[in-house]
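Structure, as structure tokens:
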């Protein structure tokens, strides 16, 4: 059979017989017509006999008559839309060596926040379009034909033709501009070797502010006109982060400039394009008067994360998407390192346990996936930008750093960056460098964590002076998987002075423990008689203690003998073990009682999350007890909340500001009348006078949620007042606060109204997930009925994986019965797509886990008695 273009269909990757060396691209975006045209001249190296050039193109019209390779005219130019490729065939084999491929093409500036797209903004009261790119993972092919895989690194030289009054930015600095009346041509310097997914273009009206690093690299923050002041905080973090990373990686920042731009419509949080980082507004802008402390923290972490990518991801790039975690896990881990250095008072490494927790919760599902995951089609890539690649990735890096030691680890990373700069690497390449530098068996240890999904629970049992350990794969459904890990075990006994460290290589092991240090003079067991495994939660695993060890830790928590990280680890492990039916809800409630005098934000953020989880399940599991359980949880949080009150105090810490917000929101969600009434009272004052300081940004969300708890169809003034604020504010953070409150109403008709409001032009598509995230238990049936009715529209409007997955997760995961799981499965039968298939399976698994947990709670003999006892104790 003669070779034909058909042979290239259905392949995971492009053929390797030709590869690009450099691209010379000219693009003309037409912002009024929402279209663009372009031409490409690509220097190509042909390395093996072939008569075809195969590259990626999607939603582009390639002009076949314009295509040339050197002076050869192709015999055929065929586009396969489903495979997102264009195949250019010639009458004979192409000469081995270098040649230039030329072609013209046209496309649409879409409204789907991927490829080359348009974003709406207001200028002087009128709506305008800006042109923006978002190419990760596989969408550069929607802007120009290219070899759209990370390993095909090339140099890029761009030329843009744009309206002369607009700012036009790309990865590299401008060489020159020539103006021809209403249009100008902008020429950019050629980039170093880079992957296609990092190419970027932004064209629109902007203000900017500027700073520079110690090396003299110019850093700018671009914002909508009039908002540049809100870029100051991010600029400061960016300049300091670049200096810090230069030292940490022992390699200078690779480009001549760095621009950061706030984009009004943006699907992700931010994107690390080389030298031109794009952000949604809430992730870059910070306003002293209008932003909350948690917004400030989010900006710092996001900026540090994206700038870490300039080394880890951009300079050294993963060879294929299987190794995505090398990009994301490292950028997440290193962003905490930077923010800890810049803001030590934020206690950032303790807050890092938020990441570890979300990684552990997702990875306890049978429908999780390994850190290194096989990718066979571009449509599968988006779905792995999840808590496994980011949070588990970052957590196993922290575990490895803790095992090897910070200095050795840093030295090895610097060697890795030097070795693979301007090139690509696989996970094994990193292990090889770390192994060489440290002399430790890194590859054997880490392969168990990256190539198999899941993680272990370590069962710990004390027998005299011997501590017996046994590992088994932990799954939230209560079963044990087949996994076996090499586990870095750390332990301390009675104090943090003498810690033991060793590797658990098999299923079981035992350790000799010296208990004398932890006993009172008389030999009896006091508050120092405790043994804690996984010290400071550096390991990515859970621990199930026997009753004696658990009692010792409970005493130690009450006596405040444990570190913040260990207090977090114990309550998180206990909650997850309860969900998996490995311990009772009764014992979890007793443990929570030990935290009643806790006042630290980092610990209480985990305690409140556990409280809200218990509250949700108890409504379905024990309706007759749920009021009492609510009261118990309220009592647990109340003293810390009363100490802080509603009003900020002079000179209080950043973490106390965050704690106030956290506790008030939790008390409102738990239905605490006093907090709800106070939130409503303050809201009424606030809507009469927006300049009042009775509701600063940090307590606004609690107040808005309180208002929505009192709204009904017949008494809806609060809902309408919130909508009015939404329509009048220009601040993205304030808009997101309101959207997250509207759907939390207990009245089903109002929930429906909020969901329908989300479909209007008044809500940007990127912001839908705020509304979805706010849905109350009372609104779950309405939300599910709404999703079924609007599914086709939703699928068309939100094609991006992360956003469509939010719709599925938010509506499905709140259910708790096998019948509901069956109903959901039936609805989606024949409707699933790779972009949300994993999210659907995980959501259904969560429903079934809840159903089993409920069954188990109903059969607990002492639950009512314990709840009663603990309530009596509170009186």
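Every residue, even glycine, has its Cβ placed from backbone N, Cα and C.
Quick look at what Swiss-Prot annotates:
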- 96-203: region 'Required for membrane association' (REGION)
- 136, 269, 270, 271, 272, 273: substrate binding site (BINDING)
- 305, 309, 328: Zn(2+) binding site (BINDING)
- 306: active site, proton acceptor (ACT_SITE)
- 390: site 'Transition state stabilizer' (SITE)
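Measuring Cα to Cα from residue 273 (substrate binding site), the recorded positions that fall within 10 Å are 306, 309, out of 305, 306, 309, 328, 390. The DSSP breakdown of the region 'Required for membrane association' (96-203), given as helix, strand and coil counts, is 6 helix, 63 strand, 39 coil.
Cβ contacts within 10 Å of residue 270 (substrate binding site), excluding its own Cβ and spanning all protein chains shown: 22. Looking at residue 309 (Zn(2+) binding site) and residue 272 (substrate binding site), their Cα atoms lie 6 Å from each other. Highest Cβ count within 10 Å among the recorded positions 306, 328: 306. Same-chain residues at least 6 positions away in sequence with a Cβ under 8 Å from that of residue 305 (Zn(2+) binding site) are, in sequence order, 270, 272, 331, 332, 334, 335. When the recorded positions 136, 271, 328, 390 are ranked by how far their Cα is from the Cα of residue 306 (active site, proton acceptor), 271 comes first. Within 10 Å of the C-beta of residue 136 (substrate binding site) we count 25 further C-beta atoms, all protein chains included. The two recorded residues, residue 328 (Zn(2+) binding site) and residue 136 (substrate binding site), have Cα atoms 12 Å apart. For the recorded site, residue 306 (active site, proton acceptor), the DSSP three-state label reads helix. DSSP assigns residue 328 (Zn(2+) binding site) to a helix in the three-state reduction.
For residue 390 (site 'Transition state stabilizer'), the number of other Cβ atoms no farther than 10 Å from its own Cβ, over all displayed protein chains, is 23. For the pair residue 136 (substrate binding site) and residue 390 (site 'Transition state stabilizer'), the C-alpha distance works out to 15 angstrom.
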